[in-house]
Amino acid sequence: YRIPSVSTGRSMGRNIVTPPNTPVLAEAGALLENGMKSDKYSLRAGPRKEEQEKREKEEEEGLPRRKLLLSLLVIFGVAIAWISSTRFSKAALVVDPHKFNAPYFMLWWNTNWMITCFPVFLFYNIIRGVKAAQSFHDSVPVLGGSLHTGLFRVALFLFLWSGANYSYLKALAYVSASVATSIQACNVSLVWLMALFLLGDRFVPPKLFAVFLAIGGVVLISLDKEIRASWVGILLSTLSPIFAAVYKVMFKWILGDATLGQVSLFMSSLGLMSLFVNAVPALFLIVFNVETLEVSAVPWIVLVGAGLLGLLFNFLINFGIALLHPLVISVGMLVGLPCNTVIDILFSSVSPTPFFISGSICVFVSFILVVFPYSLVPICKRLRLA
């Protein structure tokens, strides 16, 4: 049997006979044309695979660093926004309390600013070349997949949100900003307690001690002669971290690892529902003179500043909870705690009494005990604290 020739050529003076296109040879020719890109036949498959594994390893090693950088940005952002928004809110309530003293109106006003979150996110995505319809499609699962589920979720978190913010704003009318923030800082211990059961966090004995230390700090602050008569302010300041802790842990438990678009959509939904729902009690309190509001005496510039800073603070809270962990937000508040105290001592004529200093130290130490990275310390591992 003689193989028919397809093409011939001259090489070293001899005829070269090329066989016909069989399937194996056709595939081999295709591989040659593609630069030997197939891992099945490529002579470069080994190095290519090693390069891919190297890139994946570098990405895995870089992920913790990126997450740490993001955590630091969120922490300092929360601290700055918290201090500033508290100062603006306090200023709005003390400018002329006889003509403007409306914490619930301020809650409604500040929450309305959150409506802008998702439109801003859409605009950002459009600049990046992502269509608005695609952004909405990717974000809408955060509402639960149905209208009644979405309404229930938003209503639940609006209730917790309103409770935390109204009690905090109302407390600022009775106590100084440093006292309110010191007691508010106790929410970190409450977050850990709830995360222990709902988020499956590990039980660590020093963190349990931190809970009792935080409670002791609140008691010491409440015994301060300067604020003993303002038991209403102490009670409201205590209610705020309870609502805030439930909000933070429930947000992570129900919504899980939400994306930036999902967080933005949820915040806009929260603000939109508040625009209509919270307007009713705000109007009711003003009409029946429970709160005072004269339009001519409203410090609009201060309110706009408080609204913008509150928007930044609240966005960082939800963003940090969804993409990082509730305790990251608490660390940000830890950074802001001594700053608020120093500002009050220097500019608001608040006396650093022994009770107040001792209580603040107790709360500060409880913060450290809760957020301390026990897993990074060898002795803590040996003592099984991590």
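Quick reminder: no glycine exception, Cβ is built from N, Cα and C everywhere.
Given the structure is predicted, the values throughout are model-derived calculations rather than measurements.
What TrEMBL lists as compositional bias 'Polar residues' is 1-10. Taken from TrEMBL, the feature region 'Disordered' covers 1-20. The transmembrane segment annotation in TrEMBL covers 68-85, 105-127, 139-161, 173-199, 206-223, 229-251, 263-288, 300-317, 324-343, 355-377.
Of the Cβ pairs linking the transmembrane segment (263-288) with the transmembrane segment (105-127) and spaced 6 or more residues apart, 3 or more are under 8 Å, so the two regions touch.
For the transmembrane segment (173-199), the most Cβ-contacting stretch among 68-85, 139-161, 206-223, 229-251, 300-317 is 229-251 (pairs under 8 Å).
Here the listed stretches are 139-161, 206-223, 229-251, 300-317, and the one with the most C-beta pairs under 8 angstroms to the transmembrane segment (105-127) is 300-317.
The transmembrane segment (229-251) is not in contact with the transmembrane segment (68-85), judged by fewer than 3 CB-CB distances under 8 Å for residue pairs 6 or more apart in sequence.
Away from its own ends, the transmembrane segment (139-161) comes close to residues 111, 118, 121, 243, 246-247, 250-251, 254-255, 258-259, 261-266, 269-270, 273-274, 277-278 of its chain (Cβ-Cβ under 8 Å, at least six residues beyond either end).
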